[in-house]
Amino acid sequence: MALAEADLPNGKTNGKASGSEETPAPVQKVDMNVAINELRVGCKVHVEKDGEDRVAEILSVQMRRGNLEFYVHYVEFNKRLDERIAATRVDLSQGVIWPEPEKPKKPLSGAAKESSKEKKKNPSKKQKLTDSAATTPGANSEDVMDLDNLQVNGTTQDPDNFNRDEEIEKLRTGGSMTQSSHEVARVRNLQRIVLGNHVIEPWYFSPYPIELTEEDEIYICDFTLCYFGSKKQFERFRSKSTLRHPPGNEIYRDEAVSFFEIDGRKQRTWCRNLCLLSKLFLDHKTLYYDVDPFLFYCMTRRDEKGHHLVGYFSKEKESAEGYNVACILTLPQYQRHGYGRLLIDFSYALSKAEGKTGSPEKPLSDLGLLSYRAYWADTIIELLMEKGKQEMTIEDIASVTAMTTTDVLHTLQTYNMLKYYKGQHIICLTDSVCEKYEKMLKKRRRKVNSELLKWKPPVFTAAQLRFAW
């Protein structure tokens with residue numbers, strides 16, 4: 001029998017101290033009497049999407065050619081599905097949920113005020129870099145760590161100043177699945193891009209010059225990655241440009257693809273253009289204009305016109321965490337053709353040539369995580385199923401594949417291949433694993449031929465690795 005509050009000893013409630021009951025979450029009221037021109041940013045409305053009714057949050061309101069348009073994010077759906085819609089698709093008969101009023105800002109404490117004054121007097125290098133790039137949204141001031149004013153004397157937060165609501169607010173994420181992002185970065189700013197023979201609809205915001213955002217489509221050269229607002233400008237540029245491949249060293253070539261290595265310091269403009277292009281399809285990465293610390297490995301397809309970019313991954317020249325990939329992308333028009341897997345395979349081929357193990361930088365995008373998990377599983381299962389590989393430890397697998405032991409262990413646990421037998425853990429090839437291997441043999445997957453790799457690990461001096469050398 002359940003106990004009522006009066007039945008509990010010492011006047012205590014069931015699981016809660018008296019007088020400390022949690023405040024119930026506010027109920028969002030639906031306003032049924034709203035005109036279409038009264039809608040503003042933050043409102044949640046019902047929208048027709050592919051013949052179905054969806055709840056969407058308005059991120060932007062704009063008049064385009066005399067017509068009212070809304071840029072919306074569909075609640076509980078991936079941000080890449082955000083789109084600009086006409087006012088006619090909004091169903092006001094089901095009501096509108098207004099945005100919650102902004103919370104009043106709390107006054108800063110004495111210590112916080114002093115720290116804020118010091119930051120204004122001595123801005124860090126990173127803040128100066130961010131301020132100089134006007135078109136590039138940076139992190140909020142609260143999220144930027146000022147190394148010059150960082151306290152390392154072991155001070156801790158006073159428990160009396162702990163605020164439960166503030167701590168919960170830090171953990172919340174919005175439709176972009178990122179914390180403390182600028183509102184402008186939530187709205188996709190380009191409608192379409194023309195890249196070679198492909199017309200592509202971007203997925204996310206990228207800080208291209210603001211004058212380009214007013215165009216219905218922009219033109220991007222698939223060799224130089226330069227961008228133009230009009231077709232005439234683009235055609236004039238192409239008639240004069242002679243570049244027909246990424247501006248780096250070709251380190252790999254087979255019958256299908258080539259790989260080029262580009263140094264971010266030596267080809268700043270090209271690499272910055274590559275970052276702008278990739279940001280249109282990556283939401284989880286922060287874009288900075290400092291490309292000097294990175295090497296870019298670009299995969300291309302060849303035809304009579306030249307080498308066309310398929311995808312790329314970047315890699316830090318010196319990674320303290322042992323990452324072999326910083327950012328990886330296959331362009332949308334080439335996805336689901338095995339090129340993403342080939343990029344991953346090439347990154348591990350470089351790690352093998354270096355004699356190191358490596359892992360991609362976290363966090364990965366949703367598509368990137370799926371690709372890596374599939375690659376890890378197929379590579380490990382194929383290795384274990386080979387004849388003569390009767391006994392292998394996790395360290396042996398990591399050494400052969402150039403994967404970290406953490407990634408190997410995670411993959412073995414995911415496929416239930418770790419068993420406890422006679423006082424020790426063993427790797428067991430289950431029936432499902434064997435079936436997966438049989439299916440894998442039937443698929444014709446592209447692989448990197450290490451014999452065709454013409455590359456030696458680059459060596460950099462301490463001066464070359466320094467900021468802005």
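Any Cβ shown, glycine's included, is placed from N, Cα and C.
The compositional bias 'Polar residues' feature in Swiss-Prot is assigned to 11-21 (among others).
Positions annotated as compositional bias 'Polar residues' by Swiss-Prot: 130-139 (among others).
Under the heading compositional bias 'Polar residues', Swiss-Prot lists 150-160 (among others).
According to Swiss-Prot, the feature domain 'MYST-type HAT' maps to 185-457.
According to Swiss-Prot, the region 'Disordered' annotation covers 1-26 (among others).
The feature region 'Disordered' is assigned by Swiss-Prot to 98-163 (among others).
For C327 (site 'Important for catalytic activity'), the count of additional Cβ atoms within 10 Å of its Cβ stands at 23 [all protein chains shown]. The feature site 'Important for catalytic activity' is assigned by Swiss-Prot to C327, with similarity to another entry given as support.
Annotation note: C327 (site 'Important for catalytic activity') sits in a strand segment as assigned by DSSP. Taken together, the residues of the domain 'MYST-type HAT' (185-457) have an average pLDDT of 92.
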